[in-house]
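Here's what Swiss-Prot has on this protein:
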BINDING   G78, F83, A129, E130, R148  S-adenosyl-L-methionine binding site
Amino acid sequence: MTPQDFYRTLEEDGFSLSSKQKEQFDTYFKSLVEWNTKINLTAITEENEVYLKHFYDSIAPILQGFLANEPIKLLDIGAGAGFPSLPMKILFPNLEVTIIDSLNKRISFLTLLAQELGLENVHFFHGRAEDFGQDKAFRGQFDVVTARAVARMQVLSELTIPFLKIGGKLIALKAQAADQELEEAKNALCLLFGKVIKNHSYQLPNGDSRFITIVEKKKETPNKYPRKAGLPNKKPL
């Protein structure tokens, strides 16, 4: 998917990018490739692949109608090189984006990238989701939490749901169907008061299958969740 294909596909979906937005995606690509020589950000560095498998894939929840261009508070857990939240922010500038990542080098990259892109209302924090999930400044503060290829739903639920307001939504982007994962995550979702409201499949323009699972938070998360760093992965609920 060339940049021109990317712009044209978005236009067909009703999103006509400004010259500034096109420039932001171009700068994003160039910075990603440059920084990738210093720290391991992605195995995908060829321009057409980045536009398809990183940029287009990241904004799919918007294209599929699951996110509006409103000043909602969005948290991205384990965003790595900024996916999916920063491409979303470029497309929908009204989003207020917070990223938590466990690797400080990635946070350094994202901080400089946001400056290069001229993004406002973006915040970056270095640390573990389990620790921030017990911090009152973060817990129960977000309208949406996104996670792209971070963990299985059984683990991901505990890492993300505590951050949501009641009625807030987890948007999980996956490359494989989540049916089996959701079966395994039933107990975790029950304990965390999360309800699956959408399990959506779609295709990238090249025909590759992708999946979006949306979980709504129904009640306050019990205080004991999330457990200490590492435990959700070692002993899933």
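Keep in mind that glycine also has a Cβ here, set from the backbone N, Cα and C atoms.
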Original post:
Ranked by the number of other Cβ atoms within 10 Å of their own Cβ, which of the binding-site residues A129, R148 ranks first?
Top reply: A129
Subject >> Annotated S-adenosyl-L-methionine contacts G78, F83, A129, E130, R148, maximal Cα-Cα distance (Å, integer) >> reply: 20
**OP:** Would you count the other CB atoms within 10 A of the CB of F83 (S-adenosyl-L-methionine binding site), including those on all shown protein chains?
**Re:** 24
